[in-house]
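Have a look at the structure below, then the notes.
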Amino acid sequence: MKGISNKKKVTVAITGASGAIYGVRCVQALLAEGHTVHFLLTGAAWQVLYYELGLDTSDEQACLEELFGKCDHFHYHTQQDFSAPIASGSAKSDAMIIVPCSMGTLAKISHGISSNLLERAADVMLKERRKLIIVPRESPLSSIHLENMKRVSDLGGMIVPAMPGYYHNPKTMDDLINFVVGKVLDQVEVDHNLFTRWGDDSR
């Protein structure tokens, strides 16, 4: 009997919400462990990469290589590439992470609107009953935002707010970022050592 690979195929999408570093770190962590990543960026997300991370986004391919290097298991798709495998439920996909997820994107997903590849891929995850992890990074939240989160949750999606914990005694910004990323990866059942877990003897 052939060995079964524990490597996953995960779609990661970054929207225009503040906190693009969470999405970047998720991709980096997945690639570092040899998982396949299908990557999406909205137009607003490119702007956030420029403003928050100080990246030169004038050459998108060069920017992606600066962030993630070159590897065979990284696949970038444009928003109108509906021929991408993640646009179909017949293609194998273990999970989709939208991190951070803007409230506009959340609203469209919660109402089944698929105007671009990101929204279509999320719709596929819901209809196929696969893992969809939404990471909102917004405050305060309106009743509309909360209703849309509940709607996605009721449909099987997982809401993982970008809320870092403090019981692991974070010392740096990286510690706070890694906590959130680690909680996200937990939902995908990907092993990591991004933070010290409560009750761990090494604390």
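Note: Cβ is positioned from N, Cα and C throughout, glycine not excepted.
Because the structure is a prediction, the values reported are computed rather than measured.
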Can you match one of THR42, THR78 to the FMN site that TrEMBL gives for GLY16, ALA17, SER18, SER102, MET103, GLY104, THR105, ARG137?
THR42
In this predicted model, the domain 'Flavoprotein' (8-187) has a mean pLDDT of 97
Determine, from DSSP, whether GLY16 (FMN binding site) sits in helix, strand or coil.
coil
With the fewest other Cβ atoms within 10 Å, the residue among the binding-site residues SER18, SER102 is SER18
Relative to the Cβ position of TYR167 (dimethylallyl phosphate binding site), how many further Cβ atoms are located within 10 Å?
11
List, in sequence order, the residues of the same chain other than GLY16, ALA17, SER18, THR42, SER102, MET103, GLY104, THR105, ARG137 whose Cβ lies within 8 Å of the centroid of the Cβ atoms of the recorded FMN site.
THR15, ALA44, PRO100, CYS101, LEU106, GLU138
